[in-house]
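These come from Swiss-Prot:
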type	residues	note
DISULFID	C27-C77	disulfide bond
DISULFID	C36-C60	disulfide bond
DISULFID	C52-C73	disulfide bond
DOMAIN	27-77	domain 'BPTI/Kunitz inhibitor'
SIGNAL	1-19	signal peptide
Amino acid sequence: MAKLYFLLCLALVACLTMATEEMPALCHLQPDVPKCRGYFPRYYYNPEVGKCEQFIYGGCGGNKNNFVSFEACRATCIIPL
């Protein structure tokens, strides 16, 4: 029984450690959408709501919080529990 309790505690600590893992700094950048002539649907991570959202990228400037797909945004910025 003591071994089972120890393993459960160990699993809990491992889960908490993974859940508090920090996301990359780029995920905290505000979307930078300069006025350019392109029209490219992209995704950025919105830390205020904790999810990836779509925006229109004009094709120039910007920052690294700019993902080609929703999946790429999630894979980079959303830490699984």
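Just so you know, glycine gets a Cβ as well, placed from its N, Cα and C.
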Looking at the disulfide-bonded residues C27, C52, the one with the fewest other Cβ atoms inside 10 Å is C27
Students should find that the Cα atoms of C77 (disulfide bond) and C52 (disulfide bond) sit apart, in Å rounded to an integer, by 8
Which secondary structure state does DSSP assign to C36 (disulfide bond), in the simple three-class scheme?
coil
From the disulfide-bonded residues C27, C36, C60, pick the residue whose C-alpha lies nearest to the C-alpha of C52 (disulfide bond).
C27
Of C36, C77, the disulfide-bonded residues given in the record, which has the fewest other CB atoms within 10 A of its CB?
C36
With DSSP helix as H/G/I and strand as E/B, how many residues of the domain 'BPTI/Kunitz inhibitor' (27-77) fall in helix, strand and coil?
10 helix, 15 strand, 26 coil
Tell me the Cβ neighbour count for C73 (disulfide bond), meaning other Cβ atoms within 10 Å of its Cβ, over all protein chains shown.
23
Compare the C-alpha of C73 (disulfide bond) with the C-alpha of each of the disulfide-bonded residues C27, C36, C60, and give the closest one.
C27
Distance between C27 (disulfide bond) and C36 (disulfide bond) at the Cα atoms, whole Å?
23
